[in-house]
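Visitor: I have a structure here, written as structure tokens, and I will follow up with some questions on it.
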Amino acid sequence: MEKKYVLAIDQGTTSSRAMLFDRQGKVAGVAQREFGQIFPQPGWVEHNPREIMTSVYTTITELLNNAQIDAREISGIGITNQRETAVVWDKATGQPIYNAIVWQSRQTKDICTQLKEAGHEQMVRDKTGLLIDAYFSGTKVKWILDHVDGARERARKGELAFGTIDSWLIWNLTGGKVHVTDYTNASRTMMYNIHTLEWDAELLEMLDVPAQMLPEVRSSSEVYGMTQTQYFYGEQVPIAGIAGDQQAALFGQACFEPGMAKNTYGTGCFMLMNTGDKAVASKAGLLTTIAWGIDGKVEYALEGAIFVAGSVVQWLRDGLRMFGKASDSQAYAERAGDNDGVYFVPAFVGLGAPYWRSDIRGAVFGLTRGTSKEHFVRAAVESMAYQTRDVLTAMQSDSGIELKELRADGGAIANDFMAQFQSDILNVPVLRPEVAETTALGAAYLAGLATGFWSSREEIAKQWAVDRRFEPNMPEERREQLYAGWQQAVEATMGFRIS
């Protein structure tokens with residue numbers, strides 16, 4: 001039977017999706033299922049790994065039924081996933097020994113403080129390209145081994161397996177036959193040396209994590225194994241692509257050349273710039289990470305993570321009840337005319353790149369009796385664009401590359417006002433693609449390259465198409481005046497303390 005589709009499994013923080021893509025890279029079907037969030041203590045976020053698997057199985061079944069697709073028409077499966085989230089399970093039973101600790105969770109911050117006080121920061125930075133932070137997987141694994149009775153000893157005996165979500169999905173889909181991850185996910189664990197491309201003995205010793213529990217690290221595009229027959233009506237389908245969500249979006253945006261960059265505007269913002277075969281060490285508060293490993297070659301990226309972006313609009317809607325639906329924010333922002341000197345620094349969980357300050361709170365500046373709801377909404381929407389400029393400034397400083405255009409994706413980029421303001425404040429064109437689902441598309445492309453569904457990156461690059469191009473049209477004096485106000489607001493926010 002002719003292979004007509006590639007299936008992407010996009011396992012996210014709040015939901016799992018299964019998506020079919022045809023040879024033109026267009027969406028041919030989608031199914032989505034949300035799952036529960038677990039908050040055992042303030043600042044802790046966990047998931048039930050079994051519930052994640054159930055959501056994935058359900059979306060696959062729904063997709064095949066709704067699209068009336070024969071499993072034999074699927075060339076391969078690409079997996080993309082919420083990064084850093086850590087699962088530890090029993091190899092014999094396949095049962096998790098604890099919940100998955102989610103990337104957002106701050107429950108390992110005390111471990112991070114101890115590691116910093118012990119003087120490990122520079123070593124971690126040099127080997128992994130990361131900072132010591134509760135965000136990354138390494139301290140999460142250590143926490144589980146520290147807090148589950150007998151876990152570390154069992155791990156040393158080879159009885160337990162660790163994996164990021166991609167590893168967990170593949171283990172289950174293959175019936176426990178395959179324990180792998182790819183370069184992109186390994187590079188987010190704080191245990192992987194991104195230069196030597198191996199699990200690092202010094203990092204493992206620092207965290208007291210036994211090497212026996214770690215997955216094999218493979219390329220981002222190859223056949224890792226076959227699914228068990230029960231998931232695809234008696235058929236086996238090759239699992240052939242893996243990438244963490246942000247790297248998958250970079251690939252889905254066809255940012256294949258050094259200096260090309262994308263920004264994903266979701267709950268937070270994640271901006272990645274391709275730096276080719278150079279692992280550029282950041283001096284400006286960014287992360288150095290692996291973009292992907294394909295064709296026997298690893299390529300790198302600089303990454304800036306902004307913790308609060310689209311979620312500020314959700315907060316205005318749900319917390320302050322300023323409007324009924326998120327899309328209303330565009331009309332409110334446009335009605336305001338300008339920001340009237342109001343700046344909103346949405347540091348609800350601190351500030352991410354390039355500041356990395358988890359100890360500060362959000363703030364609003366410049367309020368007068370004349371400040372309206374519209375000004376407030378506009379300032380909140382503008383904050384996404386200002387934070388992106390902070391990251392881009394750091395990227396250009398680190399890489400020595402001046403950005404020619406920014407490829408944008410994610411829910412918030414549907415807001416035309418935000419997209420235009422972003423272009424204005426960066427003084428760079430912002431391109432919104434025709435296919436908005438770039439994360440799932442990137443995973444599909446990686447799988448399709450491995451199975452021969454697509455022939456090359458050149459073929460993929462030709463498929464990438466612009467929905468709308470936003471050109472900068474703000475006078476330079478006004479642009480710099482607005483950005484200077486933002487910088488003052490950030491500085492004031494960082495100086496504010498609650499005793």
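Every residue, even glycine, has its Cβ placed from backbone N, Cα and C.
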Visitor: Which residue of THR59, THR264, THR267 does Swiss-Prot report at the same ATP site as THR13, THR14, SER15, GLY310, GLN314, GLY411?
Guide: THR267
Visitor: Of TYR57, TYR135, TYR192, TYR224, which does Swiss-Prot put in the glycerol site with ARG83, GLU84, ASP245, GLN246?
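Guide: Of the residues offered, the record points to TYR135.
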Visitor: Rounded to an integer, what is the Cα-Cα distance in Å between THR13 (sn-glycerol 3-phosphate binding site) and GLY411 (ADP binding site)?
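Guide: So the Cα of GLY411 (ADP binding site) lies 15 Å away from that of THR13 (sn-glycerol 3-phosphate binding site).
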Visitor: From the centroid of the CB atoms of THR13, THR14, SER15, THR267, GLY310, GLN314, GLY411, the recorded ATP site, which same-chain residues not already listed sit within 8 A by their CB, in sequence order?
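Guide: Nearby residues not in the site list: GLY12, GLY266, SER311.
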Visitor: List the other residues in this chain whose Cβ sits within 8 Å of the Cβ centroid of the glycerol site residues ARG83, GLU84, TYR135, ASP245, GLN246, in sequence order.
Guide: GLN82, THR85, TRP103, ARG188, GLY244, PHE270, ALA305
Visitor: Between any two of ARG83, GLU84, TYR135, ASP245, GLN246, the residues recorded as binding glycerol, what is the biggest Cα to Cα distance in Å?
Guide: 15
Visitor: For TYR135 (sn-glycerol 3-phosphate binding site), which residues of its chain lie six or more apart in sequence with Cβ-Cβ distance below 8 Å?
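Guide: Residues satisfying the criterion: GLU84, TRP103, GLN104, ALA305.
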